[in-house]
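What Swiss-Prot says about this one:
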type	residues	note
BINDING	30-33, K51, 87-91, G415, 479-481, D495	ATP binding site
COMPBIAS	538-547	compositional bias 'Gly residues'
REGION	526-547	region 'Disordered'
Amino acid sequence: MAAKDVKFGNEARVKMLRGVNVLADAVKVTLGPKGRNVVLDKSFGAPSITKDGVSVAREIELEDKFENMGAQMVKEVASKANDVAGDGTTTATLLAQAIVNEGLKAVAAGMNPMDLKRGIDKAVINAVSELKQLSVPCLDSKAITQVGTISANADETVGTLISEAMEKVGNDGVITVEEGTGLEDELEVVKGMQFDRGYLSPYFINKPETGIVELENPYILMVDKKISNIRELLPILEAVAKSSKPLLIISEDLEGEALATLVVKSMRGIVKVAAVKAPGFGDRRKAMLQDISILTAGTLISEELAMDLEKSTLEDLGQSKRVVITKDTTTIIDGSGSKKDIKNRISQIKQQIQESTSDYDKEKLNERLAKLSGGVAVLKVGAATEVEMKEKKARVEDALHATRAAVEEGVVPGGGVALVRVAQKISKILGQNEDQNVGIRVALRAMEAPLRQIVSNSGEEPSVVTNNVKDGIGNYGYNAATDEYGDMIKFGILDPTKVTRSALQYAGSVAGLMITTECMVTDLPKEEKSDLSVPPQGGMGGMGGMM
């Protein structure tokens, strides 16, 4: 086992603090509308330029192992805030730095670290409940645009694009961000339920010019098994032929005689039919077939439920306005399922997402949720160079997360104002002793840090602006982009409550742990021994006798 280097007390805390400050100072320059860029060196290719706090934090590794521990703990704050709310990483880092700096000063002055931590925790709990009181719902597209714009570093086109996407696919819809091919940002929306399964035979194609199958007002048969015998399908095919509507068959597989007969019937015009495989595998396939049956108001024919395909009737079939099938995808548009049933199914899937522990399962459940909710939107980011493209894509993803967070928990006035107002409201709370009171004051002072940093990055005097904001009430704050004071909500400067809340909670949690640190242990660096057995380099080895 390698030898360890151990540091105690103040010596350990000073080293840790140095690491915290290096990381936080690099991250905080990106905060606010006039935040600066950070250039990150890459081992290959051009350096990347970013204004995204978490991207900067992830790049930082320090040579001194004790300092690096401090930096890594703050990095954890940024990553946690990013995972939960998708944004607020810079705010979280800044809050953690402010609490740690003030807290360690108090420890050095002889305060009890445990009581300081209790005071900080008490202030954070009270601040979070006040934030919830201050929060207002974010429901209209104007507010969504504003939140997206602020999070994308005042890029209005991004805010508008996200708002449009949410309007088209609903707040639960899936919105993905991709690198575009042009200079302009684009929005592409796939309406209805789409899954990755194409037609089983090209002979089903009825639109040869585009190579797709299009069915208007079709019946939809969903079967949870492999079909190879045409006899099982004959009764339902006859019933559909009489109704003169097209039919889509979704099954585990369709092969042999059954597929050949369907192709012949389709080509002769006896019945307009198309067949596709069911999406997914195993239990997920059953669940997705169930989703389709709810969306189209049909019944899933399943042998597990002792249902017989031969005995199925038109009542068992689902219906939709239109179905479009390509080589690789099937899209069911405007299914005739009842809104109430679909809503219940969505609630059920949301519950499963909350209970799921696997990221992969969560991702798949979210996909199902989106397909039921009304579609998928793809934001294609345009830029002139690859460096700009990567930077912009990261900003758009941040803005998208922030907007989702805003819809979920509402918004508070932005620009650091919400935390200042919350700190004013809880300024009278007291702990059980004087050391806890100091902890509370440390947290309250730290809540001013985001506003001070936004002002500092815009080139103004932080103390003057902070005092002016404190003298105001409600949403009154400072707009760093235009250098004016006023109502932050009217300025359109909004922060999602979830982002501000999680930044404060994680910063308070990790900062409390750092203040109560008394000992740090790390591996001693290995000394590289010089190898004395290597002969002096005086020429080519083995050729001494030729001289």
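Every residue number used here counts from 1 along the chain in the order it is shown.
Cβ coordinates are placed from backbone N, Cα and C, and glycine is handled just like the others.
Feature annotations (Swiss-Prot) mapped to structure.
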residue: T30; record: ATP binding site; Cβ within 10 Å: 23
residue: G32; record: ATP binding site; Cβ within 10 Å: 26
residue: K51; record: ATP binding site; Cβ within 10 Å: 21
residue: G88; record: ATP binding site; Cβ within 10 Å: 32
residue: T90; record: ATP binding site; Cβ within 10 Å: 28
residue: G415; record: ATP binding site; Cβ within 10 Å: 26
residue: A480; record: ATP binding site; Cβ within 10 Å: 25
residue: D495; record: ATP binding site; Cβ within 10 Å: 31
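Mapped onto three states, the DSSP output places T90 (ATP binding site) in helix. Following the DSSP three-state reduction, the secondary structure of G32 (ATP binding site) is coil.
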